[in-house]
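Colleague: The structure is given below, and queries will be raised subsequently.
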Amino acid sequence: MSLCCCGSTDSVRLVHGSSLCSGRLEVRSNQSWSSVCEEDLDLNDTQVVCRELGCGAPGLLQGALYGEREAPVWTSELQCEGNESAVLDCRRSSSPAKTCSAGTAAGLTCTGTKGAWLSYDSVFFGLMSLCLCSDPGGVRLVGQPSRCAGTLEIQHQGHWRQVEDHYGDWDLKSGSAVCQHLDCGSAVSVNRTDDSTHRPVWWVSVPCIKLTSGLRDCVELHDSYKDSSGVDVVCSDLLPQPNISLSDGVFEVYQQGFRVLMGSDFTITCSIQPQYPGGSFQLISDTKKQLNLTLPAVNHSTHFLLSAMSYAHQGDYTCVYHVDVYNHSFSSSQSPALHLTVGDSVTNLIIRVVVLVSALLIFDICLFFFYKVSVKWIRMKAERNTVRVLEETSHL
């Protein structure tokens, strides 16, 4: 299993080093990483690099100290003054088609101890590395109703184990990497929990991870038995998406939604997968007569009774669920939209039926009289023809 841990930010990183604060220096330009020539760096430049990485002051700068370059060479030269907080704040000069001679890709060691305890502990424990980004199923939060809250566990070599937080290093940034990895938003709380049981745990360094890129980098793991203290993480996207439905009223279903009869009462129901007790539902409408109603949840659902359907009620309706848990207030995403349109009222339907029946009746009456008149006219014509024939015969 390869070690992919590195000290990094959005613009600079140290790779293939023995800790988070050492490695071959690479800078990011045009969405790609490039090595830097040793001859292009001075003390001011390295001070800014170590400061940006949170690794203290620069210690050792040496070409090829952490392997030959794999990335292309950066064509710019840093001109830092030493007081900048990030490499991107430094001036730079461009050197087109620049190359580094063999063995001069800059390797940098900062004096900070960020992650340094790992190197010491690896003497006593079998040090293992795990790229969480390559194993999306290898991280979970357990012990709570939602998959986006609970005690952090990591799967390695087929075993799920709790993550040890002996040094209390886990914070919102590292917790957010877990939440992003689980597609649960960002962390709203990260707490250290004491566990007096003797069981195997994973020892995880506070990851060299970036809030903006999730678990792109890796964490390092140790296999150890000891009194453990776990990591409890609560993520912002704690709640699932609620459901919305039309549960009462005179309506018909069509392709775009529901057609409710004009003037009739109707009920919109908001519901959510059972997780936490209580809470409330908010009904929001994008209609001419806009609604923003809130009712408490009962058995994880709420019924909104709306009266006298009119054209002002025509439009889209959505639900949002709110609940207070873990000393925070959480709101779900909006439910899928429920589209309502107006159909004719019952009175109008009755009038239309009466008019239609009356029209059919009148048509039948007219047809009857037409038939009677036509038959009478045919008979009279036949009688005249008969009289004419008789008269003509008598003259003969």
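Keep in mind that glycine also has a Cβ here, set from the backbone N, Cα and C atoms.
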Colleague: Which one, C80, C100, is listed by TrEMBL as the other cysteine in the disulfide with C90?
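Modeller: Its disulfide partner, as TrEMBL records it, is C80.
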Colleague: Could you check the disulfide-bonded residues C80, C90 and say which one's CB has the most other CB atoms within 10 Å?
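Modeller: That would be C80, with the highest Cβ count within 10 Å.
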